[in-house]
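Here the structure comes first, spelled out in structure tokens, and everything after it is commentary.
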Amino acid sequence: MADDSKSTPGKSAKSTPGKNVASPPKNEQTAAVTNGNASHQDDKERPRKRKENAKNKEGKAKENKAKRRKRMKDAAAPKHPLSGYVRFMNEHRERIKAENPKANFTVVTKILASEWAKLQANEKQQYLDAADQDRERYNKELEAYKQTDAYKLYTKKQKEQKHAKLSQVIKPKNESEPKTKPAKSESSSTKDANTFTLDIPIFTEEFLDHNKARETELRQLRKSTVDYEQQNSILQTHLTNMQSAVDKLEVEVMQQMTSNAALKQHLDQMRSTLVSNLAQLPLPGSSEPPNIQTIDSYMVSVQQLSSLDHQENKSFLANVKSAINALQFHV
């Protein structure tokens, strides 16, 4: 019995090493190989599916962008008026391009803006007057156009188009929610909205080019804004200086007017004094004494007689001289 018990473990020990290594069944091996091939196939399919999804999203984005750009225009509406600055730019743009063939749109616009700022007021006024006339023309034509059937039809189509856009936005959302499904929570609706927003292909080549163009345009507009602000600052300083000069000249004019009034009063006083003291001394050959109206010509005649130095006028001139010496002027 002891030998049997010893031999049995030995046999089992010899036979166990060959059979103890667990080998999976053939069905399991086949399933593992199949799963490996399937996962490998999925890895190959993923890039292709990503490309297809990206193309589909890009196509939808282009379609949506085209829809957004497509706006309803009214061909029968009157032409919008042009400002004076735009008229000046349209008139001189070709000349600036010919003078600066290598200049781009921004440089040409800056040159035109500089020339517009340097224009004299009378030269600039002709463009502003033309713009005012064009604006009056537009307002009259627009008022007349609003009374026509074409305008009513245009507004009706515009409302219908707006209503159709709103219904297109609301309808897919309503159709996607089953009637039996309970109301979603606020967080889930926010998540859905974010998912819908992410459907737009934001990193496509077209989107990047569009962003670059927008950024370039924004930089140009900011630079133009800075230039216009500097021009406005210079013009404001010039205007302040001009206003100060005008105020100073107005003060000087008031002072001159006051001085002129005082001198006129003094001159009238001198005339009255001369008339009262020379009333008894008419000119030689005349019997009329001087008065307020004739005192100026009287004094001119006295001066002429004194320059002639005639003997018969000496007594008259001596009397005039003594009368003038006796005058007392109150200043």
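Placement of Cβ uses the backbone N, Cα and C atoms for every residue, glycine included.
As recorded in TrEMBL:
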DNA_BIND  78-146  DNA-binding region
COILED    121-148  coiled coil
COMPBIAS  7-18  compositional bias 'Polar residues'
COMPBIAS  26-39  compositional bias 'Polar residues'
DOMAIN    78-146  domain 'HMG box'
REGION    1-86  region 'Disordered'
REGION    157-192  region 'Disordered'
>> Can you break down the DNA-binding region (78-146) into helix, strand and coil residue counts using DSSP?
In response: 55 helix, 0 strand, 14 coil
>> Need one number: mean pLDDT over the coiled coil (121-148).
In response: 90
